[in-house]
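Quick look at what TrEMBL lists:
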- 21-44: transmembrane segment (TRANSMEM)
- 95: N-linked glycosylation site (CARBOHYD)
- 96-156: domain 'Potassium channel' (DOMAIN)
- 135-157: transmembrane segment (TRANSMEM)
- 178-203: transmembrane segment (TRANSMEM)
- 193-268: domain 'Potassium channel' (DOMAIN)
- 215-232: transmembrane segment (TRANSMEM)
- 244-264: transmembrane segment (TRANSMEM)
- 306-336: region 'Disordered' (REGION)
- 321-336: compositional bias 'Polar residues' (COMPBIAS)
């Protein structure tokens, strides 16, 4: 008897705080996912880092042995200056001396990566004025970009998602949920094909040092706005039509980002995902719900009364044989 009462009380407790338990599980799952990623990256990349460190150490020691007049401190200072310049996008290599990082097309590409929060990091402002302007430009430009993308996506999704789903639901009599799922999968496949697979094949041809996997990796890192910066197109010393190529990449990033947002918005509108998201939301209090209901009822009543009054006025105006009498004429007729 006591066990059944305790069990029922535990069930009621869980049901009353269901969203809190779901949120706690969500946080725990996210932390475990972070730890899982750290373990995998460490186990996969740490051996390669160790090999690279050993290789660089051997090359450095060989260089010092071949050039006895150069001390290790002098070599360290030279390498530090080279690495600092490389962090600012300036290379000392002779084959890269012809590429400028701040011509118009490169600056346009940099501005697009800043506003889209991709930020490859291969080119950064050198001067204090450039750094200050980058802060002001980003503070204004990033919200402006979010507003622009939101407006564009909301207009596109009407013609790409909502109307097609509604058309097949009404004309073919199919279930709206099934049509929405099939449409979302089809739209995702088209987006992956036209903004990941095909561009990856193109980049693997245009970029001499990239294979298909590296090109696909660049497309994903860019359109997901991660922007690690380890692969940046158009930076080769023998790149043909570099200015036009940079403008094309800028357009690709903008259109690809819009396509990704359209796909994400399409999946977010699925009924199953909406139900799943509601598991982690905080439920509204009954008082708030009652206030919302009262406000909704008042709004509905006022709108209905306004509509009824306007309909009466329209009917009076449309009656051809009824003439309006003034209040004074009515009073005089009553007095007589």
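Cβ from N, Cα, C; glycine included.
Remember, TrEMBL labels are computer predictions, not curated facts.
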Exercise. Taking pairs 6 or more apart in sequence, does the count of Cβ pairs under 8 Å between the transmembrane segment (178-203) and the transmembrane segment (21-44) hit 3 or more?
Worked result: no
Exercise. Are there at least 3 C-beta pairs under 8 angstroms linking the transmembrane segment (244-264) and the transmembrane segment (215-232), leaving out pairs fewer than 6 apart in sequence?
Worked result: yes
Problem set entry | DSSP helix/strand/coil residue counts for the domain 'Potassium channel' (96-156) | 42 helix, 0 strand, 19 coil
